[in-house]
């Protein structure tokens with residue numbers, strides 16, 4: 001279509017109008033907005049929604065915990081989510097490229113990459129364990145149903161074990177409740193635990209067994225060693241499942257967001273189908289109401305406990321994936337004028353609603369199990385891997401057609417994990433490709449994805465050894481804990497106070513057509529940074545050395561954990577010092593000003609969006625997006641020259657003809 005000025009526009013768009021030209025052909029975009037929303041939901045809704053939130057809720061006052069949880073969502077979660085989405089969408093760059101806004105703080109982007117690397121390594125190991133349980137569930141009887149397997153010990157007492165008489169079982173239940181914790185077949189299937197004389201002798205006396213001095217056997221899944229330094233052998237079944245996990249992730253990202261955007265139609269929605277199926281089945285079971293009431297009954301006195309507020313703030317912060325770099329990366333593939341304000345509210349609320357919904361699914365089944373055993377729900381409630389691979393699988397053995405429910409449950413865990421893993425891998429790949437930025441690497445992005453996937457697989461191999469679970473929990477507790485809080489706090493300060501809140505609000509207004517609401521402006525400048533600082537202080541005060549059941553980590557292992565945490569944070573001062581040293585200026589103050597000043601190429605990625613202070617000093621008609629075909633070449637050139645003024649000293653320009 002030719003305009004009166006002789007400009008040929010593609011796809012029928014007109015100047016100043018949001019049209020089909022509103023995307024980057026080279027870099028790629030989401031096929032439509034639903035793909036972005038589903039991908040972000042899959043990224044935010046992960047394993048923590050299922051295996052951490054329900055446990056935190058019942059431990060911190062049940063329904064009373066919802067109050068501080070939603071307060072933190074409104075004042076910290078949604079504002080930070082909106083900030084990261086708008087940040088990435090405005091610049092159309094990954095977690096490294098966006099720091100053209102203030103180059104001295106590019107170390108924040110490198111810190112995000114380090115965190116995403118750590119999480120991506122161990123997160124896929126969790127997915128591979130879910131794959132393993134998914135495959136072994138394809139049988140008539142789940143292998144962790146009874147205590148008659150070769151790997152079981154005399155300590156084992158199954159809820160359906162027929163080898164123990166009812167009288168003996170009654171006595172044993174009494175002894176177990178009054179002395180030590182019951183050892184279930186699912187627990188012995190999961191991890192290594194040597195046969196102890198105490199419980200072995202109790203079982204022997206109760207069931208009348210004379211042989212109580214059998215040698216210890218190794219368990220089935222983890223084959224757990226006795227120390228984090230004793231790696232032992234690689235568990236080949238887990239190694240194979242790890243390979244399957246990385247192959248699936250790579251194939252789904254083989255064409256970047258173009259392929260992953262299609263996959264999320266299934267991976268982001270089907271978990272809700274499974275949750276609903278398990279919920280309907282759970283609430284029909286005897287004792288389910290007891291479990292749900294245990295989950296929801298408010299204990300209002302706990303609201304005054306600072307730990308409850310700290311847990312609420314931490315859960316919101318970590319659950320939404322803030323400071324991982326994934327939100328910035330996913331938003332960078334949006335069209336420039338996409339309403340990310342609306343998206344941030346939808347995704348954040350969906351994430352938190354999923355956590356609450358998952359609590360009903362988990363505690364209905366746990367209530368049924370507690371009713372079957374005649375114990376309190378707290379005796380069977382657990383969180384983390386203990387819930388996903390011990391407590392819940394055991395509860396499923398009580399259901400008719402238990403393999404079917406087990407297959408559905410672990411398939412749901414796989415999909416929840418993959419949704420997060422897609423974004424973690426894409427974060428690293430996008431950062432690398434955007435940083436290099438030339439045509440050669442853009443065309444070979446698939447090979448970059450393959451290289452990152454292979455590296456992730458190799459780095460994950462040690463986590464499939466007999467000591468792998470120790471290292472996995474060490475990374476989970478240290479690699480992505482307080483470092484995320486520090487990164488997020490510095491990001492808020494850099495955008496609001498170094499780049500300037502007025503500049504950022506104008507950028508959002510140029511992108512969305514309206515400035516951020518006053519509530520978000522106040523949160524970004526004052527409330528959210530204060531809450532982030534509170535989370536940091538709370539994390540430090542509540543710190544306890546990590547342990548796994550009865551195993552206490554040695555000092556050297558905890559030191560490695562702190563080094564992993566510092567490795568992401570240390571990127572920030574190191575790069576800042578490097579940038580100041582490389583900046584122009586005769587004094588330190590001049591160098592600091594130049595290092596923090598936005599670079600000339602900061603702003604919208606596409607020329608047609610660079611208006612106002614981002615308008616170029618020359619006509620963008622030389623770009624491939626707009627083809628200039630003047631009827632009178634000489635006149636066309638003179639008009640174009642008159643329309644664009646000389647660029648100012650601050651890198652901005654003001655056009656006299658806004659229509660261009």
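Just so you know, glycine gets a Cβ as well, placed from its N, Cα and C.
Annotated region 'Disordered' per TrEMBL: 1-26, 618-660, in sequence order. If you look up TrEMBL, you'll see 36-55, 67-90, 110-135, 194-214, 263-296, 316-333, 345-370, 404-425, 446-472, 478-498, 518-541, 553-578 (among others) marked as transmembrane segment. According to TrEMBL, the Na(+) 1 binding site annotation covers 42, 45, 319, 351, 416. Sequence annotations record features per position, and here TrEMBL assigns disulfide bond to 147-156. If you look up TrEMBL, you'll see 647-660 marked as compositional bias 'Polar residues'.
Take the transmembrane segment (263-296) and the stretches 67-90, 345-370, 404-425, 446-472: counting Cβ pairs under 8 Å, 345-370 has the most.
Residue 156 (disulfide bond) is 35 Å away from residue 45 (Na(+) 1 binding site) when you measure Cα to Cα. Of the Cβ pairs linking the transmembrane segment (345-370) with the transmembrane segment (110-135) and spaced 6 or more residues apart, fewer than 3 are under 8 Å, so the two regions do not touch. Closest to residue 156 (disulfide bond) by Cα-Cα distance, out of the binding-site residues 42, 319, 351, 416, is 416.
For residue 319 (Na(+) 1 binding site) paired with residue 147 (disulfide bond), the C-alpha to C-alpha distance reads 37 Å.
In this chain, the transmembrane segment (553-578) lies apart from the transmembrane segment (316-333): fewer than three C-beta pairs between them fall below 8 angstroms, excluding pairs fewer than 6 positions apart. For the transmembrane segment (478-498), the list of distant contacts is 80, 83, 87, 101-102, 105, 108, 111-112, 115, 118-119, 122, 317-318, 322-324, 504, 524-525, 528-529, 532-533, 535-536, 539-540, 546, 561-562, 564-566, 568-569, 572, 596: same-chain residues at least six beyond its ends, Cβ to Cβ under 8 Å.
A Cβ distance under 8 Å defines the sequence-distant neighbours of the transmembrane segment (404-425), meaning residues of its chain 6+ beyond its ends; these are 39, 41-43, 45-47, 49-50, 116, 119-120, 123-124, 126-127, 130-131, 133-134, 137-138, 142, 245, 248-250, 252-253, 260, 263-264, 266-268, 270-271, 274-275, 277-278, 281, 321, 324, 326, 329-330, 388, 392-393, 396, 449, 452-453, 456. Put simply, residue 351 (Na(+) 1 binding site) is 38 Å from residue 147 (disulfide bond) when counted between their Cα atoms. Here the transmembrane segment (446-472) has long-range neighbours at 117, 120-122, 124-126, 128, 191-192, 222-225, 227-235, 238-239, 242-243, 246, 249-250, 253-256, 385, 425, 428-429, 432-433, 548, 551, 553, 557, meaning same-chain residues at least 6 beyond its ends whose C-beta is under 8 angstroms from one of its own. Note: the Na(+) 1 site is recorded as 42, 45, 319, 351, 416; in the same chain, 41, 43, 44, 46, 48, 49, 354, 419, 420 also have Cβ atoms within 8 Å of that site's Cβ centroid. Here residue 351 (Na(+) 1 binding site) comes close to 41, 44, 45, 49, 319, 320: these same-chain residues lie at least six apart in sequence, with C-beta atoms under 8 angstroms from its C-beta. Residues near residue 416 (Na(+) 1 binding site) in space but far in sequence (CB under 8 A, at least 6 apart, same chain), listed by position: 42, 45, 46, 47, 49, 50, 271. Residue 147 (disulfide bond) has a Cβ environment of 24 other Cβ atoms inside 10 Å.
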